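Listed features, source Swiss-Prot:
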ACT_SITE  221  active site, charge relay system
ACT_SITE  262  active site, charge relay system
ACT_SITE  436  active site, charge relay system
BINDING   242, 247, 249  Ca(2+) 2 binding site
BINDING   326, 369, 399  Ca(2+) 3 binding site
DOMAIN    182-503  domain 'Peptidase S8'
CARBOHYD  3  N-linked glycosylation site
CARBOHYD  275  N-linked glycosylation site
CARBOHYD  455  N-linked glycosylation site
CARBOHYD  487  N-linked glycosylation site
REGION    152-177  region 'Disordered'
REGION    230-249  region 'Disordered'
TRANSMEM  671-692  transmembrane segment
């Protein structure tokens, strides 16, 4: 090693020594800075939204924020400048949607008009933005051939098997003709050992009396065939809306290819009627089911916001089986209006308990995509669900990422079974596929838990999912045990969702403490990442114990690394985050198809793998550059979400070890002696690394 390299090597280690000495003196942690409230903005903390640059399609609609949200003022301004006021994007909010009928409905160029410029400068206009049509993809993958007969409607699989809606087959408990084929709900029925069963254990939840009654679920998709006889008794018009055509009827648009079948398929998985001699049984077969038609048209920020924010005080669970393109090169997420709708749903939905957003993790496996590049599944607000095949394998379409929370069954390779559900034209199908099929199964299971305990918050439910998910029988090479003894995988999250276990825990669950957020910045910027090399940055966190009470985090839930970096080819980068407990999360994998030179701008990579671990200690960010040229890390910050006190096995909180340690240090000398010992140990370890 050269002298220069040796000194540089020592310099990095000496920074840790300096850190230790500052800790001894009781100063704030070196290598981090507590953010003050004055730095708060609506750019990126919880939901990432910076998209890859691409050719944009501009619509003739504008989102306009009117001070006070007064409809009279919105109408006045729209009339004054020649717009049509289409009404509030979310009722009761300040954002309105204006349309300019003088312009083309779609254009590749952004409108630069005098009227738009003048409207923007009106005193009561706080913000306005021309709406862009986004590419959003349904997360099923397989096309099928359809046939009709004089009396029956059925679908044909590749091997020619037909599934009819006729009532000519009877099955006990229930008598729905396809119940015996619903392997993901009933094949573990005769296995008393819950650790070996390979289904979602819904029968146990049903036997306990939980069927989703009183819980409202809505499907955000391409429509809902509300007249389907296996759905209509549970259809709820208050949980439904047509955002595309701006009316109250979510019926899909019928066409020859039946492309708009997706929402109806998802809805049947949740709430198809029990024991009516038709098709299938929904997991939450007594739940109210609604549909938001929003994918059959231009999907803009306003469309997404109106969908995820629809009737948030009434709807309990929103299920979404779509997202940005799973092509291995897209980086995209919700924009300003949708971020606001998510945050409002979490804070105010369900009368303050928080809306439940269930999201399909994505089908980009064949293109080596990462669901951490999807700002919807990568959000702390969504319950991101992956898929497993009937044999417990990773499906070929599955995306691995650290934001996935849990798994449900879906389709797999040729010869492996798929998901059965309702279909258009009052039909049934055995060919629902991909993570599209996984998210509604999860939504149905969550509905059972909500019936067992309607007072659960959105975070309570995530805690319950993590504590009850089963890793047994799911095959992945990356299963690891985190710092609190829970098994977790990038492909399966914490494992297979277990309906029986969830309702039993939900019944006795005590509400967790309010969520705290600790933001800490890496102190220096513009770190070079040479090609073929790894950049490693160490950031010590004290859980923000030197700041305001609402920022103190002792036990983590979600963790984010918010990263801004430049790269000649974004897909050549890999990013890892290691916690003080030693749990290593893969935040970003190589994506060969991602040739973008845009890098990342304030992109919030999220991991759930540290759930329950202690926040305080050394966090390590590593960035591998396998490209042909240097990359550069501009900045990064660590965001820890969690609580000041430990969450118990049945909810509720225990005292924080950091708080106890703080009291001991103030009251006795033993606490100080412990800190001195801790610092001396750190110094010795540091110098040993230098000498090595």
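A Cβ is built for glycine as well, from the same backbone N, Cα and C atoms used for every other residue.
Remote same-chain partners of the region 'Disordered' (230-249), defined as residues 6 or more beyond its termini with a Cβ less than 8 Å from a stretch Cβ, comprise 86-87, 216-218, 223-224, 264, 267-268, 271-273, 276, 278-280, 282, 285-297, 303, 306-307, 310-311, 314-315, 422, 426, 428. Taking a C-beta cut-off of under 8 Å and a sequence gap of six or more, residue 369 (Ca(2+) 3 binding site) has these contacts in its own chain: 326, 327, 328, 330, 362, 399, 591. Listed in chain order, the extra residues whose Cβ falls within 8 Å of the Cβ center of the Ca(2+) 2 site residues 242, 247, 249 are 241, 245, 246, 248, 250, 251, 293. In the three-state DSSP assignment, the secondary structure recorded for residue 369 (Ca(2+) 3 binding site) is coil. If you compare Cα positions, residue 221 (active site, charge relay system) sits closest to 262 out of the recorded positions 249, 262, 436, 455, 487. Within the model, the domain 'Peptidase S8' (182-503) carries an average pLDDT of 96. The binding-site residues in question are 242, 249, 326, 399, and the one with the fewest Cβ neighbours inside 10 Å is 249. A sphere of 10 angstroms centred on the C-beta of residue 262 (active site, charge relay system) encloses 24 other C-beta atoms. Per Cα geometry, 436 is the residue among the recorded positions 247, 436, 455 nearest to residue 262 (active site, charge relay system).
Of all Cβ atoms in the protein chains displayed, 28 besides its own lie within 10 Å of the Cβ of residue 436 (active site, charge relay system). Rounded to a whole value, the Cα-Cα separation of residue 242 (Ca(2+) 2 binding site) and residue 275 (N-linked glycosylation site) is 30 Å. A helical conformation is recorded for residue 262 (active site, charge relay system) in the three-state DSSP classification. For residue 247 (Ca(2+) 2 binding site), the same-chain residues that are 6 or more apart in sequence and have a Cβ closer than 8 Å to its Cβ are 241.
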